[in-house]
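> What Swiss-Prot records for 92, 112, 178, 334 is site 'Important for catalytic activity'. The Mg(2+) 2 binding site annotation in Swiss-Prot covers 115 and rests on similarity to another entry. Taken from Swiss-Prot, the feature Mg(2+) 1 binding site covers 115, and the record attributes it to similarity to another entry. Positions annotated as Mg(2+) 3 binding site by Swiss-Prot, on the basis of similarity to another entry: 244, 248, 252. Sequence annotations record features per position, and here Swiss-Prot assigns (2E,6E)-farnesyl diphosphate binding site to 340, 341 based on similarity to another entry.
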């Protein structure tokens, strides 16, 4: 198999004629920071953790997508590499089993890439695009091997089911909920923060991240145990969504002015709260940062209650709750460093 460096070099050849890559300076010289660096987040009591195989898995997964995804230009290749999708997955799931982390990296990477495609589509076209991918993911329909999004998803889900059918199938429906939320017309009419957070729980893919974490860690819970985690997961979804929105706002605001009026429509907690409260964008971000730290405190309180409860708390449940904490702290670390937002 070619090394990642060899793959990048070979990919660059078809694009050397493109104006935007001729004599272009290194990436670090072309990146213009979008985020307001004068806004300092309040201190957190948490620390992030990254999966120990991050470098190895990132090279493997990035190499796979460089060979199979149809990037339109070498600039798009550099943007993809700068986003570090496998790194965020390893930050989301640092406790994943060594032989499962690559599955999670592949799934989140292809979903990020599909999200970028949808940004340039109408809701109707995006819905049709996703509806084609859903039965392929289930294994009910064979993929068109000329379309990377189809065969990548098909092969990935088949390999996940071969590894652990029960837990892989538990990830399916949450993935579809996430995909449907991407083209939900409700995002055009959200003007209240509470309504937004309810919608965003689907759009941020919280159920997907939770199910994928259980798959990656090999955790099995009864229906009652899963139900008992709902409040913790809902709280986690709010924190994840808002941290993501704070860091991605400037990039998404820019995209809303240049992209498709529906696919790139700006739907963000920053925008919603700014309009609702009549605060400026920097002030709104500061308010939202305070809210994220309060949700972290709520998480710690719920965890402490569960551990101290008379019914006790299994080691699997403790690992899962710690995993949710790492999702939040890992998401913040990635969001403030990825070139996707900065």
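Any Cβ shown, glycine's included, is placed from N, Cα and C.
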> Within 10 Å of residue 340 ((2E,6E)-farnesyl diphosphate binding site), Cα to Cα, which of the recorded positions 178, 244, 248 are there?
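So far as Cα distances go, the recorded positions lying within 10 Å of residue 340 ((2E,6E)-farnesyl diphosphate binding site) are 248.
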> Enumerate the residues of the same chain, 244, 248, 252 excluded, that satisfy the criterion Cβ within 8 A of the mean position of the Cβ atoms of the recorded Mg(2+) 3 site; list them in sequence order.
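Apart from the listed residues, the neighbours are 245, 246, 247, 249, 251, 268, 335, 341.
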> Distance between residue 252 (Mg(2+) 3 binding site) and residue 334 (site 'Important for catalytic activity') at the Cα atoms, whole Å?
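Here the two Cα atoms lie 17 Å apart.
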> Rounded to a whole angstrom, what is the C-alpha distance between residue 92 (site 'Important for catalytic activity') and residue 341 ((2E,6E)-farnesyl diphosphate binding site)?
17
> For residue 248 (Mg(2+) 3 binding site), name the DSSP secondary structure in the helix/strand/coil scheme.
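Once the DSSP labels are grouped into three classes, residue 248 (Mg(2+) 3 binding site) ends up as helix.
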> Please report how many Å separate the Cα atom of residue 178 (site 'Important for catalytic activity') from that of residue 244 (Mg(2+) 3 binding site), as a whole number.
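Each residue's Cα considered, residue 178 (site 'Important for catalytic activity') and residue 244 (Mg(2+) 3 binding site) end up 16 Å apart.
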> Could you check which of the recorded positions 112, 115, 244, 248, 334 is the closest Cα neighbour of residue 341 ((2E,6E)-farnesyl diphosphate binding site)?
248
> Roughly how many Å lie between the Cα atoms of residue 112 (site 'Important for catalytic activity') and residue 334 (site 'Important for catalytic activity'), rounded to a whole value?
14
> Helix, strand or coil: which one is residue 92 (site 'Important for catalytic activity') in, per DSSP?
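SS state of residue 92 (site 'Important for catalytic activity') = helix.
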> By a simple count of other Cβ atoms within 10 Å, which of 178, 334, the recorded sites in the record, is least packed?
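Checked 178, 334; of these recorded sites, fewest Cβ neighbours within 10 Å: 178.
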> 115, 252: which of these binding-site residues has the sparsest Cβ neighbourhood within 10 Å?
115
> Can you tell which of 92, 112 has the most other C-beta atoms within 10 Å, given these are the recorded sites?
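The most densely surrounded of these recorded sites is 92.
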> I'd like the number of other C-beta atoms within 10 A of the C-beta of residue 340 ((2E,6E)-farnesyl diphosphate binding site), please.
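So the Cβ neighbour count for residue 340 ((2E,6E)-farnesyl diphosphate binding site) comes to 19.
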